[in-house]
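As written in Swiss-Prot, here are the features:
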type: BINDING; residues: Met39, Gly195; note: substrate binding site
type: BINDING; residues: Lys115, Thr168; note: ATP binding site
Amino acid sequence: MQIRQSVKLKKPLIHYITNPISINDCANMILAAGAKPIMAEHPLEVSEITSVSKSLGVNLGNITDNKMKSMLISGKTAYENKIPQVIDLVGVGCSKLRLDYARKFISECHPNVIKGNMSEIKAIYGIKSSAKGIDVGACDIITEQNFDENIKMIKRLSMETGSVVAATGVVDIISNGTHTYIISNGCEVLSMITGTGCMLTGIIASYISSGNILEGTALAIVLMGICGELSQHVKGTGSFRNELIDNIFSISDDIIIKKIRINSY
């Protein structure tokens with residue numbers, strides 16, 4: 001919990017290049033986590049913005065030519081200045097453009113965290129996936145039958161890229177190739193509103209700003225899962241969205257410790 005309290009105390013500046021579908025919610029989620037968001041995406045200013053930020057998040061949702069330029073510029077700036085960064089592989093399972101770009105970004109910018117659902121993680125690894133648009137395909141969902149196989153793939157991807165790999169879903173798997181965490185928090189409603197994955201990436205970017213990459217990523221995923229559970233009592237998805245942001249802002253460490261479901265593998 002030290003990471004969480006440090007972010008709230010220091011209020012680090014987080015540069016997050018994301019999509020217009022979720023940008024407002026992402027900025028508010030970063031604020032709720034205790035950090036300060038800046039969502040600059042113009043190619044002529046992003047290097048300057050990234051260089052004064054404490055971490056960088058890039059999100060491949062609703063990709064455009066300008067954002068492709070900007071994310072690569074920011075990613076290289078972050079790498080050169082040892083600024084932690086996370087890439088969210090939105091849609092790489094259904095778009096060759098995004099898949100090719102993500103591979104280029106990973107190769108040239110060396111992000112500290114690679115995040116995606118299992119369809120996206122399989123695609124970036126080079127295995128055929130069954131992505132349903134930007135959502136995970138039914139055949140790619142983690143089950144008891146494919147659990148060990150998926151763990152091995154995630155660990156190999158982490159070791160090959162040098163990045164922490166975060167595969168999110170009904171069960172979340174986070175690995176740096178040596179240490180692996182399995183997280184079982186969360187609820188179905190998180191998948192029923194747009195942008196929760198993008199919001200999570202904003203929290204990951206906030207928490208890895210401390211430099212503690214594996215634990216910061218795991219804590220962000222735990223926090224989103226628990227707050228989803230706490231928010232699902234509301235009458236609908238609109239209320240859920242607001243309740244989710246409120247819970248990220250107000251949840252106590254004691255509740256997190258009580259409700260956390262995490263195991264090492």
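Cβ coordinates come from backbone N, Cα and C, glycine included.
Shown on the structure are the features that Swiss-Prot records.
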residue : record                 : contacts (Cβ under 8 Å, 6+ apart)
Met39   : substrate binding site : His15, Tyr16, Ile17, Thr18, Ile23, Cys26, Ala27
Lys115  : ATP binding site       : Val86, Ile87, Asp88, Leu89, Val165, Ala166, Thr168, Leu200, Thr201, Ile204, Thr217
Gly195  : substrate binding site : Ile21, Ser22, Asp25, Cys26
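There are 26 other CB atoms within 10 A of the CB of Thr168 (ATP binding site), with all protein chains counted. According to DSSP, Thr168 (ATP binding site) is assigned to a strand segment.
Secondary structure from DSSP puts Met39 (substrate binding site) in coil. Under DSSP, Gly195 (substrate binding site) is assigned to coil, being neither helix nor strand in the three-state scheme. Under the DSSP three-state reduction, Lys115 (ATP binding site) is assigned to strand.
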